[in-house]
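Listed in TrEMBL for this protein:
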- 1-28: domain 'EF-hand' (DOMAIN)
- 36-64: domain 'EF-hand' (DOMAIN)
Amino acid sequence: MLMKYDKNKDGKLSKQELRLAFKEMGLHFCRWKAGKALRHADKNGDGYINEDEMSELVQYATRWGLSIS
């Protein structure tokens, strides 16, 4: 579901794309939360969330009450 926010279709989510996703899901403090989520889920440290890191991102985002499938 989150990959629909991959606006440039590079197969990964940037902080800006993640912020937009959180905003459209109704979260507040989206810039801050996107940064926190990215730092938590970005296991290879490239500054993006790729397919392999997506499950970690989803698990982390559920802490804010998001239900992502």
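Every residue, even glycine, has its Cβ placed from backbone N, Cα and C.
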Near the domain 'EF-hand' (1-28), which residues from the same chain, at least 6 beyond its ends, have a CB less than 8 A from one of its CBs?
34-35, 37-38, 47-51, 54, 57-58, 61, 64, 66, 68-69
With DSSP as the reference, give the number of residues of the domain 'EF-hand' (1-28) in helix, strand and coil.
14 helix, 2 strand, 12 coil
Take the domain 'EF-hand' (36-64) and count its residues per DSSP category (helix H/G/I, strand E/B, coil), listing them in that order.
20 helix, 2 strand, 7 coil
